[in-house]
Every structure is written in C-alpha cells, then in structure tokens.
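According to TrEMBL, the protein carries these features:
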DOMAIN    A:39-119  domain 'HMA'
TRANSMEM  A:135-155  transmembrane segment
TRANSMEM  A:167-188  transmembrane segment
TRANSMEM  A:228-246  transmembrane segment
TRANSMEM  A:383-403  transmembrane segment
TRANSMEM  A:409-437  transmembrane segment
TRANSMEM  A:709-726  transmembrane segment
TRANSMEM  A:732-750  transmembrane segment
Amino acid sequence: MSCCAAGTESAAELEALKSEGPSAEEIWLSSRPLGDGMRQVDLIVPGVHCGACIALLERELPRTPGVDHARVNLSTRRVSVVFENKAGAGSAAPISGSHAETVLTALAEKFKALGYPAHLPGGGEEGADPAFRELLKALAVAGFASMNVMLLSVSVWSGADDTTRDLFHWISALIAAPALAYSGRIFFRSAWDALSHGHANMDVPISLGVILAYAMSLYETITHGEHAYFDASVTLLFFLLAGRTLDHMMREKARSAVRNLVRLSPRGAMVIRDDGSRDYLALDEIEPGMRLAIAPGDRIPVDGRVVSGRSDMDFAVVNGESAPLPVETGSLTPAGTLNLTGSLVLEATKSARNSFLAEMVSMMEAAESGRAGYRRIADRASAIYAPVVHLLALGTFAGWMMATGDWRMAMMTAVAVLIITCPCALGLAVPVVQVVAAGRLFENGIMVKDGSAMERLAQTDHVVFDKTGTLTRGRPQLVNAAAVAPENLAIAARIARASRHPLSQALASHDTAGELMPDFDIIETPGEGVEAISPEGEVYRLGRAMFALDGHNQGLDQAADASQVILSKNGVFMDVFLFSDQLRRGAIQAVARLAALGLDAEILSGDREAPVRALAGELGLASYVAGVRPRGKVDRLKALAEAGGKPLMVGDGLNDAPALSAAHVSMAPASAADVGRMAADFVFLHDSLEAVPLAIEVSRKAGSLIRQNFALAILYNCIAVPAAVLGHATPLIAALAMSSSSVIVVLNSLRLRRKTRIEHFARGAVSRITPALPGEARAESSLRTSA
Amino acid sequence: MNTLIFLIPIALLLGALGLAAFLWSMKSGQYDDLEGAAWRILDDGDDKPEQD
C-alpha cells in the first residue's frame, strides 16, 4: 500500500489500480542486457511522490529473489530495476521456464503488492533530454563568460587608461571567443538552417548581431580603439539562452509527465500454435489468422474475432461508454478493448499495423498536421521583427557612410543598433509569462503541454464536451441503496466482491464486512452474472434478469435507462439494484462559468440519445449530439472550425483522441485513456471540471501579459533605437538598456503570480483534498495522476 | 597594475573552476533527479521498524 494514498482514493479505485501492470513477458521484452548476466528495465511508477515511497521501493524491490537493485528517479517517476538473467543470458528468445521468468513474475507481483502500479514506458520516449542538457551547458558557459567580461568592462568604463584598457579588451576577447563559439552555436545552427531554407527567423539577427559585435570589437581592440562590445555580445547570449532554457524546461516537464502515463497497447500476446504450444510473441510478430489466448483483465492486442469462450468486454475505446458489453463466439474485438470477466481465444483478423488502434493513430496524425499550421505569437513577432531590425541596421550603416564617409564609424553605429534592438526582451517576453502561467496552472492541478497551447486556449470561443468520463465520472454508482433492503444489499455486495465486472465493483464498495463469505461456492458466468451456493444449498444469483430469474425476466430488462443487476435466491426475485453515472464534480459550476466567460458549450457523445438529452438538460446546455463515432467527432470539430470557430475539446476516452487532436485546443482529465492524455494539450489532475474555466482564464491573462511585454519591448525600442541610430549609444548605454529592458519584461511577467492567487477555485480545490502544506499539494497531484 | 597580472588570472581560474565543477556535476547525473535528492537527504538509512 502506498504510504500517502490512504484516504485520498476510495478502496475500489485502489483495487482498480492494483489490477493493472505489466506481465513478466512484457517486462522481458522491454528490458536490456547490461552484461555480466544482468538486465535492466525502466518502469514508470506514477504513484511515487515522496521520500517514503523512494525508501520503500528501494528497500523492498531488491528483496525479490534475483533482483539486484532498484533505483527511483522521483523527477521522472521512473524506477530502474536491475535483475539477474542466469538462464537466458545472451539469448534474445522469449523466456520459457527460465530463471528470469520467475524473477520477473515475482517483480510484477511485488509492485502490485506494494500498491505502486508500474507501467512500461511507451515507445520512443527513452532516456534523459539531451537538448535540455545542451542548453544548460551553453547557459553555464555564457553565464561564466558574461560575468567575467562584464567585470573587466566595468573597469574600462570607470576610466582605465590606454594600456590597461587594451589589456582588458584583449582578455575580454579571449574569454568571449570560446564562449561565443560554444554557447552561440545553438543560435548559429538555427539561423543557418533558416537561411539555407530561404527565410529569416529570430536567430538570424541574434547571430548576426553577436558575430558582428565580436568582430567589430576585435578590430577596435587591435587598432587600440576606445569602445568594445564584448560584454554586450556575451550578455545578450546569456539572456537569450535563459529565455530559451525556460521555454524548453516548461514544455518538457509537462510533456514528460504526460508521456509517462502512456500505456495502452500490450507489448505482445500469448499465441496458441497449431500443436497446442503457447508462445509469447511481440506485437509486430502477430499475423492475421493466429490464435491468441486472452485472459480476463487483458487488453486485446490486435483486431480479432472470438473463436471460443465468452466474456464481458469494455468497449470504451470505441464508444467511450464504461458499461461492458457481452461477447461470444463470432463477436469482433477491436484492438485496445479490455477483456473483463472470461478467458477468450481470438483469431487475429488484422496485423498490429492495420488494427483499430493503428487507424486511430493515423486519424490523429492527420489531425495534428492540420493544427501544425498554427503559428506561435513569438514566431509571428519575429517574422516582422527580424527584417525590420536588419533594414534598420543597414540603413544606419548607409546613412552614416553617406554623412561622414567613415566606414569604421558607420559600422560601429550599425552594430550598436543591432545590439540594442536585439530581441532580448522579445526572447524573454513569451517564455517567462508561459513558465509562470504553467506553474500557476500546475499548482491548480493542470498540466500544460506547450506554450502554444496556452495561446490557443486564450482564443477559444466554443467548448465541446464529451459525456462519459468527462462531464460524468465514468464509473457506475449504486443509486437506489436507500430503497433496497439492507440485508439484501449486504448479501449482494459480498457476492459481488468475487467479480471484476464494473457493476459488481460498484456494488462491492457497499460491503461493510470486508470479506468474502468463506463457505460460499462462487461461480462466475461471463456475460451473465455470478452464482453463489451457500453451505445450506441455497443458490443466490446476481446478474442479468434472464440469468438470475432462470429466464422469467418479468419485464425487468425493459427498464433501460439505468443499468441494473438482479439478486435472486433459488430463482426467486429478491431485489433489483440500479446504477447510473454521476456528474463529475464541478460540472455545473464549470458550465456556468464558461457561459459567464462568453463561451458556447455543447455535448458530443458516443452514448445513446436519452442519457445525453437528460444530461444536457441537467447542465442547461441547449445543444448536444448523441451517438457519434470517433470520426463523427472529428467531422463536427472540422465543421466548427470551418465556420470560423476555435473549438476547445474536452474529452477523456481513446475514442475522443482523434477529436482532441483535431480541435483547436484540447483538455483531458488525468483519468482519461492514455492516448487521450497524449492527444490533449492540457491534462487536469484534480477531479473537478472547474479546471476548464480556470485554465481559460489563466491563459487569457497570460495572453494579455504577453501583449504587454511586447508593448514594453516596442516602447523600449522606440526610445533606444533613435539614440543608437544617431550614434549616441556607447557600450555602457547599450549594455544598460539591453539588460534593463529584459529585467522589466521579467518583472511584468511575474505579476501573473499575484493576479491569479485569489482564484476561488484554487483555494477550494486544493484545501478540500490536502492540508495547507505546498509539498502535500504536489503529492496530491501526482497521486491523482495515477488514478 | 602589477597586482592585476596576478589577480586577473586568479579570478578567471576560480570562475573556470566553478564552471568546470558545474559541468562535471551535470555530466555525472547529479541534476537528473532534483526532487528525489531533496527527499533522499531526509532518509538517514538507519533501521526503522518495518512498515506495511
């Protein structure tokens, strides 16, 4: 049991968490050899969030025989486990009866027993972030160089005589050269890329300014000139790298957190050969026509048809509904659906590349490429800014040449113009605001994938909600608990504990005794219900009316609106239990606040008409569309976009994923299917739907602060540029002006912190679940992630 | 002026030492798990009663 989980998740939820996790075969397929007969596997464990979790996992996991050691990385929520591989050393063949298999089975069990659901990382997201390390190293070098050069420059400005000045200039040149080469290459590379493709980006004036400033200063130093700009060129790099590092940090942090939750498609499946032998094959090796054994609780790896067995399956992937549907011989099972109650044998009808999941992915990719046309504010600004700066510098050079004929003087002034207009403040204007806003949202349990998402969210004018799992909780709840006889409820709840069916689990949470009736003989019939025979020979049945009442359903199955379960004794009706979904917390308030913000809202659901209409009525939403398939949702969003709207999609299921990608901007709850979370721009970790209006408000404020920052930067340029063009900018003035404009922009961005502190949602949501400590609030968010 | 001949190299050397220390610590993975490090120092590794 995880240390801090008690009291924050209901027992049923924890139960559900524990049931998931990779199997020994899947761990094997994703582990890698270390040599010396050891192998290592990296697992994602979202439940890890404090020191006690680290200590517990690092102490308990090595107690599994065969496991050498485990190391927890709290920032990325990963655990690296190193284990022995005595039998299968050097062979890549799937394990069969080897030492490693027993180790891995024990390891998988250990994770479940400790209460930390572990998942395998999804494809293509391994390892640390090399780009971030490169930025950080470049920033450190630029910082070192700018400090030292600035120190020498201050001495020069305060009136060093000729020899000393030259000496200091030479030392500055020696420090600046390697720093520029090392730290500047990030900008040089990007500028070169842009130029070689025939367009200019923000990095072109930066690179040009820095290189020209250095070259000019070197020339000045050689000719014993008075002014050198070494300090300006390295300080400029330092500020710009700081902005770029912040930008990168924000995007990567939230993105990796979202990525870490990805786990959907199984790594492989148990294939039954014609001779009856069983092999665990990787997903790519499964061909159409192979027979697959699917155990209860497994996800279907590829599209298939049931050959034998019957079960209940969760088709939420296809229609977004959590209510399971019965399957039997001949039923089709799309990849990604979840087998709940019975063992099945499937015949694969498609390979993994062509399965339902693959089709969803291609739909999402198509939608993503449509959205890639969106241009970030910073890009648009730089598209205007870069040519203006160059023309201005060129004009200055030409003007001074004509006026004085002194090319050295003209060049110096042009360089001063390039430096003073260099987009230092502009480079910081967007990332600082976005980092602060993202931090603000993160404290309220909302993760942002990247900065452009906030810009897009600020523009949204129409909200589209999915129903099940988004507006509602997506988990059935017993609604008539007060109406049924308590002793019947007690019996039903105890029988229900034996089943993994969602309705059974909802019923089981009403069990007060907490134990199975020990002497009952319990048999589950997949697709029908549970039969329990007491020691006295009484036969209790819990399930469908047809099953519980031996075919005399007495018209009970017609009560269609709510899901129902019947309890019978020896075939005689005892009680009926009704289930329905509950509204997600904050749904009504969220819809009201969206209306107050001037946004339209509508429901787009894969469910039947009646429940959708009822829900729309309850929330006061006039427009809704029911019975929509994944492609229909995408079409609806496209229609909205074509009508000039910028829709925000809020959805959770895998069936919503293509729609989440297709929308202008999208949000998903942390309880969403993994692919849904991947596709969404925002993920909210708290339960309450009030996160939606909150995110919109913060994004709008961030948007207005960004515009203010641009206005400040432009105002600064209006004052500084004429001074530079007229040749009044000495190195001291240029350095001061540049730094102060950056500092002003940063200070302005920090106002976002203060402005949103009074959000009533923020106070309400955090204090409701956690004590006042900020650390605890963080722990809470990470815990919700695992839900 | 004469003192500068000693002081400037010393200042630069100290700065470079700091930079080298930072780059080394980053390369050896000491910034990989900042959150975990904050918690690990609280665990003094003595024998605690078994918790379940």
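Just so you know, glycine gets a Cβ as well, placed from its N, Cα and C.
Curation does not apply to TrEMBL; its annotations are automatic.
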### Summary
With the cut-off at Cβ under 8 Å and a gap of six or more residues from its ends, the chain residues touching the transmembrane segment (A:167-188) are 134-135, 138-139, 141-142, 144-146, 148-149, 152-153, 155-156, 160, 203, 206-207, 210-211, 214, 217-218, 220-221, 228, 230-231, 233-234, 237-238, 240-241, 244
### Maximum Cβ pairs under 8 Å to the transmembrane segment (A:709-726) - stretch from the list A:228-246, A:409-437, A:732-750
A:409-437
### Message
Quick test of the contact rule: Cβ under 8 Å, at least six residues beyond the ends. What residues does that give for the transmembrane segment (A:732-750)?
### Response
150, 153, 157, 229, 231-232, 235-236, 239, 416, 419-420, 422, 424-425, 428-429, 432-433, 436, 705, 708-709, 712-713, 716, 720, 723-724
### Query
Which residues of the same chain, at least 6 past either end of the transmembrane segment (A:228-246), have a Cβ under 8 Å from a Cβ in it?
132, 135-136, 138-139, 142-143, 145-146, 149-150, 152-153, 156, 169, 172-173, 175-176, 179-180, 183-184, 186-187, 206, 209-210, 213-214, 216-217, 220-221, 415-416, 419, 422-424, 427-428, 431-432, 435, 731, 734-735, 738-739, 742
### Message
Summarise the domain 'HMA' (A:39-119) as counts of helix, strand and coil residues per DSSP.
### Response
29 helix, 21 strand, 31 coil
### Query
For the domain 'HMA' (A:39-119), what is the mean per-residue pLDDT, to the nearest integer?
75
